[in-house]
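The structure appears below as structure tokens.
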């Protein structure tokens, strides 16, 4: 039958065997993509510098997801946290990728088998002899099995009872490692940044799923509810499944973009709000202040700042700086970070310490303005020299570096001072290698941005899909223009399959 492209899926209506087949094939494609993508990423990933060239700077997408679930070692002899290892075991990055590819192959074969052997006895209604599915019963089975999986993940994998645990870090993404997590059963479990909530919520949701599954297996739906919600129609299943998927996609888009314990910044990069709020800058200043309180010199206090913390406080790591259509990793944008030059402190000739006003997230260009501790403008890089009052030359601004590669170095010539003032707009100053990857100097987003954009977009599309298929199944008789209880001569439209020979006919 000549079906248009948008109606080809009607071939699996009233055909349970082949409906199962196409779903198994879909699983094969998803699993095969995941395994293949993992192998590709492992082929191009450089594990040599986990501090300045982490996975998220290199544009890795599936490696962070494996890592947060407890995979840290490679058969190549490296660990994601740095250093070398001798016995990575079977569940390395390559082991997980291989398992997905093997599983994909098995699903591929199973899909072919079920396509060929579609007319199985199990799909046949013994009362009518026609193919049919007991959808409420199948719903109960799926709910029970997903509940068992959910409970098992929370109770065993996350807690380390039988499994590796998950990636856990401090609030500033400095000490992350895979460790077991105890369930948080108090109110703290509702804090999205508390890892214990992951364990407790999976245990609770899994328990609920098991109980709900058993309920749906043992209790039949009332006839009026069954008919009212069209529980016998496979398109009802499609509609409600799409609802579950788009709801989950909206949720994870939020947890990724705003940050949570499930999306650690060491694996996915910092969030834009950490730049907007000066999150890392405040922690750096707090640590420097603590160092000065211990009678350290300014140079010594800044030298104790971890390079990893300083690197987070750089606008190039803000996922909102990447343009929507700028393909490639962050390293392809501003380059590969090589080292921290140190923290620049600017002073005018009167001795005021000056602070460069930082660039907001959604600006591509921003005026270079230097203010004192009270927020009063003391110097700038003017657009028009004729009207300048606060130019670096007039005010006599100098810059001195503390910590990093330029520790103790100072500059007084205006051209160099202005160069570092422009760079200080972007946060801490780093030396960036743009030659190796031929980086173009234009900021890119991190996998955090890609994931959010992709899931929010598809969630919206799937929302419309849910409405579409839900309306089709609820108002099928209305759309067909036929009363389902009417014995017409030929009930065009009541039957969903084009050319269905089972269409009821009545001799007049």
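Cβ from N, Cα, C; glycine included.
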### Task
Looking at the candidate ranges 173-188, 221-236, 237-252, report the one that Swiss-Prot labels transmembrane segment.
237-252
### Query
Which of these ranges is annotated transmembrane segment in Swiss-Prot: 140-156, 259-275, 276-292, 293-309?
140-156
### Query
Out of 86-100, 101-115, 116-130, which range is noted as transmembrane segment by Swiss-Prot?
101-115
### Summary
Here Swiss-Prot annotates transmembrane segment, and of 21-36, 37-52 the range meant is 21-36
### Query
Ranges 457-472, 473-488, 489-504: which does Swiss-Prot label transmembrane segment?
457-472
### Message
Which range is it, out of 59-74, 203-218, that shows up in Swiss-Prot as transmembrane segment?
### Response
203-218
## Note on the structure
Among 140-156, 203-218, 237-252, the stretch with the most Cβ pairs under 8 Å to the transmembrane segment (457-472) is 237-252
### Message
Any contact between the transmembrane segment (140-156) and the transmembrane segment (101-115)? By contact I mean 3+ C-beta pairs closer than 8 Å, pairs at least 6 apart along the chain.
### Response
no
